[in-house]
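Written below as structure tokens is the structure these notes are about.
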């Protein structure tokens, strides 16, 4: 057997956590040059022998990484002996998201957030827009005096929606939307930053929100409607002006990303090449991770407790904030052809995330597949500025082509199939 050339056979065990797809747990001898194509054929043949199953598309994990070429090359790259019995895990392939809608705006769409039946977008023409997730325009909201940079929902029920927006006009604005009358009012203007406000995130309980700015500051504000700012003048209270509860200094350049990790912990990413984890109970930095690029966006997963970054190059990077080796990258994801502007973990699928870049493309990834995305989500004609997967049914993105693109994910596709 000429193992060095990947010829000959390899002993494998085929495993799956999806019990209805399980095959007999015995060693199989397969050619070392197989790819996912041949493995799919082999597994489906075994399933037909077992119970007459129709063919299913699978992906294959070998040592916790998706197989994307020949098995022998994969093993050689990981320095795995060809003499060992190899365990291959197979999983049903995640279906390709399908394009649903293109929502036309009057200017660049720099911020987008979906919740329930609704999509909130923010534009460079200083306006916010509300849409249904079926593509119907509901409302245009004016108030900011410079381009919108970020948006987030505070709360939503059948009668009322509340959300926050941030802008290059150095403010954040709190809004209350009456769903029935389709009217909206600005409840508070949040002042305290000295430059544009680039990022925003609402706390898990909806009582606070955090903002990051070009002034390098991280600020935490009350999101409660009846909040009275201690020490504020009567004029400020009556005019709805709100000031921050906490101001945290530590970054040296723009705070381009902010996210609540839990009720008392915040993650920030910055153009100063660092990620910081903040402990609000101590009002200080808990962990700092140094990177080698400016960070445009960062996303933390509550499911796997890992952090992804989008940076001033073509790559996405994965970090573990729990490690003692703060600068070590756990994985790098290659696939975009220009700067990656935006990234977000799935809120329901532990291994999946989406990204958008200046190459006009969105991509859907599995964090166990660093060499290639699962799918390209095409449609934008210009740079992608923001992407959101808050609603598990829909992947939503905004870009320089003045559009919001809506893609149906597996949950929406499954619901459609059930109703047919």
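Cβ atoms are placed via backbone N, Cα and C, with glycine included.
Listed features, source Swiss-Prot:
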REGION    10-92  region 'Ubiquitin-like (UBL) domain'
REPEAT    104-142  repeat 'WD 1'
REPEAT    143-185  repeat 'WD 2'
REPEAT    192-231  repeat 'WD 3'
REPEAT    250-288  repeat 'WD 4'
REPEAT    290-329  repeat 'WD 5'
REPEAT    335-375  repeat 'WD 6'
REPEAT    379-417  repeat 'WD 7'
Would you list the DSSP helix, strand and coil counts for the residues of the repeat 'WD 3' (192-231)?
-> 0 helix, 18 strand, 22 coil
The repeat 'WD 2' (143-185), counted residue by residue under DSSP: helix, strand, coil = 0 helix, 28 strand, 15 coil
For the repeat 'WD 3' (192-231), what are the same-chain contacts with Cβ under 8 Å, counting residues 6+ beyond its ends?
-> 146, 149-155, 162, 164-172, 174, 176, 237, 241-260, 262-263, 266, 268, 270, 272, 278, 280
